[in-house]
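**Q** Got a structure for you, written out below as structure tokens; questions coming shortly.
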Amino acid sequence: GATLFAVSMFQQALNRGIAAVKEDAVEMLASYGLAYSLMKFFTGPMSDFKNVGLVFVNSKRDRTKAVLCMVVAGAVAAIFHTLIAYSDLGYYIINKLHHVDESVGSKTRRAFLYLAAFPFMDAMAWTHAGILLKHKYSFLVGCASISDVIAQVVFVAILLHSHLECREPLLIPILSLYMGALVRCTTLCLGYYRNIHDVIPDRSGPEMGGEATIRKMLSFWWPLALILATQRISRPIVNLFVSRDLGGSSAATEAVAILTATYPVGHMPYGWLTEIRAVYPAFDKNNPSNKLVNTNSTVTATHIKKFTFVCMALSLTV
């Protein structure tokens with residue numbers, strides 16, 4: 001939950017990378033905001049595969065199946081990104097549907113193409129985050145997220161002093177986003193191989209609930225993914241209505257840029273709600289897959305309820 005607060009705060013660093021551009025800063029920020037919000041719609045369902053790792057991955061074979069699912073999902077997302085960037089469908093969605101001018105539409109579709117590989121990296125990170133959470137390595141998951149944030153801030157600062165500010169300003173936040181994701185994914189994967197890979201068996205036995213199948217994983221994942229995708233679509237819809245209502249004018253571009261800059265701050269008070277779902281499966285003693293996970297403390301449903309109320313009190317304070 002604390003990492004979500006930090007991520008929301010430091011998303012402003014990515015916006016700073018665009019806002020620092022001396023010319024067309026508003027237009028660039030609006031283009032990046034439109035592309036980023038659509039990309040988050042595609043990556044939203046990926047983050048819920050953390051719950052698959054949390055519940056179903058009890059062996060090396062289970063982990064291989066989970067990774068395979070995410071490789072396919074990342075490839076599908078990359079195909080959609082490419083289609084929207086180059087096809088008439090993308091021109092209709094970005095230019096016609098949003099009523100943006102040719103310049104903003106072109107920059108948005110270019111930014112969306114640059115972001116094509118991000119869903120795959122995000123999926124790999126979340127899958128291993130779920131496995132680590134299952135084995136109570138939440139501190140490592142938190143450190144990975146904080147490292148992601150720090151890497152983004154550092155690379156924004158570095159790239160602002162490079163020639164990218166003049167040649168391709170859109171690459172400043174996008175490359176910083178990739179470097180942060182690379183740090184997070186590398187940290188989580190190394191954490192898995194160092195702490196868990198040699199501990200879990202090659203296959204899951206009956207005492208751990210049996211071997212999971214890809215069908216079981218996907219059947220468990222898609223309702224959660226649908227919920228999060230429905231939540232994530234709200235921001236692109238808001239951008240759409242704002243842009244259309246203002247007729248694609250300079251006022252529309254400015255309004256979308258303002259939404260891009262302010263949305264991360266508005267997300268802070270309630271972002272923890274999506275993460276609280278991972279607490280109960282990780283500590284539920286009735287879950288067969290938790291039987292062989294070592295823990296030195298007993299966490300009950302009462303403890304989880306008290307923890308939830310504390311999180312709510314902190315969010316209301318914010």
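The backbone N, Cα and C atoms fix where each Cβ goes, glycine too.
Here TrEMBL flags 66-86, 111-132, 139-164, 170-193 as transmembrane segment.
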**Q** Taking the transmembrane segment (170-193) as the first stretch and the transmembrane segment (66-86) as the second, find out whether 3 or more Cβ pairs fall under 8 Å, excluding pairs closer than 6 in sequence.
**A** no
**Q** Who are the long-range neighbours of the transmembrane segment (66-86) in its own chain, taking Cβ under 8 Å and residues 6 or more past its ends?
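**A** Same-chain residues near the transmembrane segment (66-86) but 6 or more away: 38-39, 42-43, 45-46, 49, 52-53, 56-57, 93-94, 109-110, 112-113, 115-117, 119-121, 123-124, 126-127, 214, 217-218, 221.
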